Amino acid sequence: MAAADELAFHEFEEASNLLAETPDAATARGSDQLTPQGHVAVVVDSGGSCGAEEEAEESDRTALLQEEKQQPGFWTFGYYQSFFDVDTSQVLDRIRGSLLPRPGHNFVRHHLRNRPDLYGPFWICATLAFVLAITGNLTLVLAQRRDPSIHYSPQFHKVTVAGVTIYCYVWLVPLALWGFLRWRKGVRERMGPYTFLETVCVYGYSLFVFIPTVVLWLIPVPWLQWLFGALALALSAATLVFTLWPVVREDTRLVAAVLLSAVVLLHALLAVGCKFYFFRPLPLEHLAPSLQAASLPPKLLLSPTPRAKTT
């Protein structure tokens, strides 16, 4: 007890001595420090600090509420707006990745990076459809210049046929592939399939190589056309195979081989079908009447016309 009184008296004595040495000192209200005159006393208001902390907590709470905001439904425009939020550099990088496939280079991991877009696939499919229709008509125009007996009329229906074919292929085939991989994931737990939009994105960018190939098909040399088509098919199919291999390799060898073979076969059917439909050299419905007459048997051409009876 005595020690406590001595401690308190000692503190009071130090304060008295300090006031005696500095008679011009003044105390600042709201603090326990002595401040000589001529100096600025900085007093921290405890109420202000509490207000700043409350504002920081309020801002953090607002940010959390914005992050937890409910995502728009898939039937709204806002849901699909994020899939078109890409810049030109990203689209060009993904196009380069589809044109230069190599083993061990996963298109989804190295180019999409968990951010699939629909902007690139949409415009690639639209461009390919229009290029197919235009070059298909130009093939008949060039054939007519070489052979004036060929009759040409614009075939606008090819735009519709090309658009429906390309867009159905890019959406329906990835849908079937994604559904199959999801089903196999239940059988093989180690399998981790890509999302549906990632699969659509890979298929869309894989078709870009066919755009310059279709333009080169205007060269009227059949073996050169097939060579360009084979190169384009090899590059496009390699992009799909190298991207799907990390997923299907966890399955059995038979399932992996059948699945990859089906992917390549469907891709080849698309390329060959477009080649035969849009680049037919001489469609029968556009032949001139003289050529149609030349194809008739000689007996029909040389048959005499009946004479009118005279009375």
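Any Cβ shown, glycine's included, is placed from N, Cα and C.
No curator has checked TrEMBL annotations; they are predicted automatically.
Residues or ranges marked as domain 'Yip1' in TrEMBL: 99-272. What TrEMBL lists as transmembrane segment is 118-140, 160-181, 202-220, 226-247, 254-278.
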#### Entry: Residue numbers, six or more beyond the limits of the transmembrane segment (160-181), whose CB comes under 8 Å of its CB atoms
121, 125-126, 128-130, 132-133, 191, 193-196, 199-200, 202-204, 207, 244, 247-248, 259, 263, 266, 270, 273-274, 277-278
### pLDDT averaged over the residues of the domain 'Yip1' (99-272)
89
